[in-house]
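Trainee: Okay, here's the structure, questions in a sec.
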Amino acid sequence: MSSAEGERRASFQAVGRVLLVLLVGLFAYWIRVENAVGFSRSVEGSVASEDWGSYDPDTLYHARRVARGVRDHGWIESYDPLLAHGAEFDRSAPGGDGGDPRELRTYVDPALGVPIPWPPFYDLLLTAVYRRSIPSPDALMHPKEHPPEPPLGQPEKNRIERFVASVPSVLGALTAMLVALIAAGRARRLSGQRSLEAGRDPSGPSLGAAGLAAAAFAGVSLALTYGHVRYSHLGNGDHHAFISLLHVAMLGLTARAFDHERIVQPFWSAARGTGAGLFAAAMITSWTASILWVALVQLAMVIRLLVPFRAADGRRFSARGLPIFATSFHKAALLGVVPCVIESPFSDLAPWSLVELSWLHLAWLSAGWLVFAPYALMPQTAVKNRLVALGPAFLLSAAVLALTPVGHSLTGAFSWASASNSFMSSINESRPLVPGDGLAPILKYCGVGVLVAPVVWFGWLFAVRHQPSLLPFVFTLPFCAVAALLQRRFAESLAGPLSICLGIGFGSMVGAWVARGAAGASWLRRGGVAVLVAALLGAALHPWTIRNTWLYRANAAAGGFAFPNTLRVSKAEAALAAFLENQCAQLGSNADSAVPRPEAPRPGVLAHWDLGHSIEWRAGLATVATNFGLYVGEDAFLDPWRFFTETDPEAAEEILVRRGVEYVLIDGDRNRAAMAAALDVPIMTDPAYWRETMAARLLRDGSGLAPLPAPGFLSLVAAASNGAWGTIELYRRVEGAYLEAVGARSLQVVATLQGEDGTQVRWQASATAVPGQVGPLTLRVPYASPDSLVEASPVLSLEVFIDGSRAVVSIPPAAVETGRTVLVH
């Protein structure tokens, strides 16, 4: 074959790879848009219109953090004045090292609020993209001269919410494209080596076919992996899609650097190490648990340095550039992590925490640099004495683990990763994929390809001695698989390495098949067939995602939602959003400010735990309801459930007083099953017990029994219908007026209130004298008489009865606010 023909074929293959990667990206983006989950603000609209929003709690917190950044000239705050309202900090309590989330206590800065558990980089990046400018250095250096911008209007907040909820779908498409590129490159390299070993042209047609088939298989597989789609579909603005992209990029760059022909290039080794290190820094400063994936790459570096890798003919591969790559990696990672660690509140509060950004992350990366520094500084001596050169680093690591809180922090991190602590084990995304439900969950989240992954991995385990570029994937794949089995959230982290591994394996087989029949133009036909088969096989691994997408398409006319439950939840979330924005926003219109206003105390809202970020974002109110769980304190997570399941009104009121709660929001029996599981109370199985709880009283739900009245310290402020959960109701804590009737046998109060949707709500309470009772009958009433109210009130009528006869009495608002006694004659 002439050189000109070879160049034409190479150009043709390169163009084919580019087109294929672009098609993979478009396909992945289409899948994520078609699987959109959100709600339509107009209820009758669809996610395709411009009136949609997200109801994912993490998305809403990212949106709020970006909105604060937009107001604060692009900078991201580390504290939040609206989290864990009413919490107190006990520095003497366990958890000072932050090792285990169960031991964390809430720290509240009087001026700034509660430390935010999330690192800032992802939100900093989103804010810069939304503003189309980097953060203002002048505003950072002279904050008094650059006060925050005025509060954002609702249209602007809606745009930010849609922007945040849309970015991961683009990131998911980019990840699929990157996976396709990496699989193509590694498959071409493997196919070329095998051709060389077989005495064939290493640049022959099998390379192009192997690369194209690997790209098609891996890219389509990643595009359809449910565990990845659920974190990157339109409507989910969480940071995990960003982490997945960075993880794949770090692995791909490391694998390229490990190649035996590239590792001997000092300049490019330094450049690749710097790039991979910056990816690692971005991961850690966006999600601290990413240190687990960085550690696997560090381990791969150690193995690449210590283990002699050889070609098939016994020739030993050089690792001359690896110390340069490794030290560049760690220096770049340190450079990226240092500013965020210095800014992190947990550097002081929990300096050795692994689950929060702290000094431990700097120590970890510094120790990694120390491992490779002798090789970079004294290459001749270190190479001759490999194990001796590692001695100081290993001794230092052992001393740190034994003599500092780092070991305890690692134990806490493993508790988090295994979902063995009480918070993580109660979260849906932290549930294991197996056992319990058989293979169905893991096949759904990871695809059918996970069944053959062990075979591919064992094959790689033997091939890696001749292909050191496979080493990062050989280390990462089993650890990601174990993590996914323990917590389904990690199926997203497994998707990239798994798709790459399967794609390289399939591409290698295609390369060998094409090489056997490469005469004439047969390579083109065989290659084309192989690419088509690769794409179909990659899709066939994920039948659940295909079915889900098909249903969305088939039912597009039904409001843009595939399933009746999805449409039901969408309408419920639209009702909740409207309620919060219209009824509650006026209560906290100035609450979400970058500059706290101590002279204007913020009203605190207690609600179901998964409504916390929604209330903070849509209403601007401080909450005792947090999606951050135990990471902002155990009580902040459990107090809402304790209140709603409490059967003693006095104990329930004590919770509200202790947390400084002014409002209680309840959205039907939204989390009734979760409350039962978290606190081990029989509210699902015992109707009599449920009837006594605060939740049942506020909802007027006795589950077939006569409902008990809401307590006299909670006054209904507003109520609206929620088609999914019942009604949304907002109560305000008041002292309540104390009605006294001397000599009466019975005292009854009946109040009729107007709901937002026109329905009427009846509140009724009574007190009956017992034989031998001394003193007047007393009844606590949270409502004033409508004739004494100056402002608008939901109270339509209020009637008082003594011994069955109507009494003429007026309850003034001041009595309700101060707990004053009102005599009834």
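Just so you know, glycine gets a Cβ as well, placed from its N, Cα and C.
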Trainee: Looking at 319-338, 659-678, I want to know which stretch TrEMBL calls transmembrane segment.
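Mentor: In TrEMBL, the transmembrane segment feature sits at 319-338.
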Trainee: For the transmembrane segment (494-515) and the transmembrane segment (207-229), does the number of C-beta pairs under 8 Å, pairs 6 or more apart in sequence, reach 3 or more?
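Mentor: Checked: the transmembrane segment (494-515) vs the transmembrane segment (207-229), in contact.
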Trainee: Any contact between the transmembrane segment (442-463) and the transmembrane segment (207-229), i.e. 3 or more CB pairs below 8 Å with pairs at least 6 residues apart?
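Mentor: Touching, yes - the transmembrane segment (442-463) and the transmembrane segment (207-229) meet the threshold of 3 or more Cβ pairs under 8 Å.
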Trainee: Tell me, please, if the transmembrane segment (358-378) and the transmembrane segment (278-307) are in contact, taking contact as 3+ Cβ pairs under 8 Å between residues separated by 6 or more positions?
Mentor: yes
Trainee: If you count Cβ pairs under 8 Å, which stretch among 207-229, 278-307, 470-488, 527-546 touches the transmembrane segment (319-338) the most?
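Mentor: Ranked by Cβ pairs under 8 Å, first place goes to 278-307.
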Trainee: Can you tell me which of 12-31, 207-229, 278-307, 527-546 gets the most C-beta pairs within less than 8 Å of the transmembrane segment (241-258)?
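Mentor: Top-ranked stretch among 12-31, 207-229, 278-307, 527-546: 278-307.
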